[in-house]
């Protein structure tokens, strides 16, 4: 399941973020890649724990926790702190699958990467290339969103970032460990939750709503890991 979550940051916020990123000291993106992924990764990244990355990441996670669409789709349990990257001068990341487990720097806790997320920080007109290409059950999806928009997709997906041939592409990315690890089960719960919300708006007093809501929670109880 791929999910587009728009408008997490406004234009003024994004302009300030990009201005700060232009002044930042960047490191080789291979630092946080696994052995196989490092062979395909050609980009820049703010070092893990960088103050600016923490500031952007904290604001992003705080907003997502207040975004019902994200909460319903991801059912988040743990989140790996967001990282910030930059693609320019032909920078790219070849096809790869993200590592199954991630351990935040300085933390003993590990995060299972059930879901991957990319928040676009650059206006799409400001750079050429840089599409996030995801292979899923419906074929190949090419994603290049407006600045401030985010895409959520299964961590099991084979994906790449096309070379950036003009300008620079800033983005935040992170992983979520869901309460429900199976993507098909999460998708079913998301569809049920959407149906419940729509029925609540259309026929709020319908007696079947109580039964449907109960079924949702019973399925969540069966599948959730806490």
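From the backbone N, Cα and C atoms, a Cβ is placed for every residue, glycine too.
Over in Swiss-Prot, the protein carries these features:
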type: BINDING; residues: 96, 98, 159; note: Fe cation binding site
type: BINDING; residues: 169; note: 2-oxoglutarate binding site
type: DOMAIN; residues: 78-178; note: domain 'Fe2OG dioxygenase'
Inset, instruction - With DSSP as the reference, give the number of residues of the domain 'Fe2OG dioxygenase' (78-178) in helix, strand and coil. - result: 3 helix, 58 strand, 40 coil
Legend entry - Local Cβ density at residue 98 (Fe cation binding site) - other Cβ atoms counted within 10 Å: 20
Legend entry - residue 159 (Fe cation binding site) CB neighbourhood, other CB atoms within 10 A: 23
Inset, instruction - Determine the most Cβ-crowded residue among the binding-site residues 96, 169, using a 10 Å radius around each Cβ and all protein chains in the structure. - result: 169
